[in-house]
Amino acid sequence: MFLSSPSFVRRVLNVRPGSALLFWLLGLALRPSPLSGQKPEDKYPVVPTNYGKLRGIKKGLNNEILGPVVQYLGIPYATPPVGERRFQPPEAPASWSEVRNATAFAPVCPQNIHGMLPAIMLPVWFTDNLEIVASYVQNQSEDCLYLNVYVPMEDAFGRVSSDGDGDGDDDDDDDALRGGKPPPRRLPPPSEG
């Protein structure tokens, strides 16, 4: 570890001894820690799909509105449109036999965000954070037909998900969301003739 001693930090940063200790403690606090007793399958859940199994990653989101989620990133939804497949209608992706790692973003479609539109046509948050936005489009490829799926780990009432309360019955949750009102009725399809 490069922050192995306060003297190393002091030499590299050329700071006072007290400041070096502070940097060393900060580095110690920020270093990656083990999964804190979690089993890998708890942090990296695996789910089956029609094409094979996917391994996601549990993430806490740093805001007050959204709770923790399980992210499944870079899930192919079509065969890569490269080579002879370029400009052809999409085809289903090939299935996979091993567990597919879905913990990193796939490439985005080729694009240039600099100078494409006048600044007046772009949202303020976009123009104010152009460098942050640009960092998300660094990895570009024509092979970009991928989905990112975010699955909430808590329901609207803050309960940890599986089905809310774990009993397999969502009726109570559904009633609470509707405020006790009856469920909407579905109309039968129109008859032909």
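Positions of Cβ are set from backbone N, Cα and C atoms, glycine also.
All TrEMBL annotations are machine predictions without curation.
Marked as compositional bias 'Acidic residues' by TrEMBL: 164-175.
For 181-193, the entry in TrEMBL reads compositional bias 'Pro residues'.
Averaged across the domain 'Carboxylesterase type B' (45-155), the predicted model reaches a pLDDT of 85. Under the heading domain 'Carboxylesterase type B', TrEMBL lists 45-155.
What TrEMBL lists as region 'Disordered' is 157-193.
As annotated by TrEMBL, signal peptide applies to 1-37.
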DSSP-assigned states of the domain 'Carboxylesterase type B' (45-155) in counts, ordered helix, strand, coil:
17 helix, 29 strand, 65 coil
